[in-house]
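Let me begin by presenting the structure, written as structure tokens, before commenting on it.
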């Protein structure tokens, strides 16, 4: 006697029939659209800083966009001969730093908000000494143009909820169960997270003549991009589901 379970499909037909490609592409496009919206938020109405290179401005806005997802901006050294000194230490020694242990061709970066005149011995190359406010660079939203910080943090949320709603409306049938909203949310999160991971390579900023680079943390990018897109996509999908259920109930009541 045949086992009825052998005729059952491995996956639910609602899963296998869903247009996953459209959802993933929609997620990637949502990331790009969110970034472009952030460009508008940052640059309107004052425009870019005078004399700033377009590529530098766009990469800076990219870092703002990642920060709006609560992704930390990491500092990575690109050479082995790099030392970073805390600015508090610089203040304690009144700008007098012991360079006797400095390695040959070593780059020294002093993290400080207030650069000071340094006492640099003659045998030390002053071109390898940098005073940079790394805290300001790692917190771009707090130092962006004078707009409410909440505006920056809300932008990806609004974009993802809207994208989840649009994807649900376009890829789910009108008779689909409200719980099928999870399908476009999963597809959206896959495309969005993949685009976010790729973007980390494009928005990094090299400092100290290429000794270090400031870029979004890849691990946090995966975690937060996935969480944001999945949760917000679900909200958008469920909103469409609730709206459709309400419409169907209204039609049914009018048809009586």
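Keep in mind that glycine also has a Cβ here, set from the backbone N, Cα and C atoms.
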**Prompt:** In TrEMBL, which of 129-149, 150-170 is tagged transmembrane segment?
**Reply:** 150-170
**Fill in**
Within the same chain, the residues 6 or more beyond the ends of the transmembrane segment (20-44) and with Cβ under 8 Å of it are 57-58, 61-62, 64-65, 68, 144-145, 147, 151-152, 155-156, 159-160, 163, 166-167, 170-171, 183-184, 186-196, 199, 225, 229, 233
**Item:** Integer average pLDDT (0 to 100) for the domain 'DUF7978' (142-241)
**Value:** 91
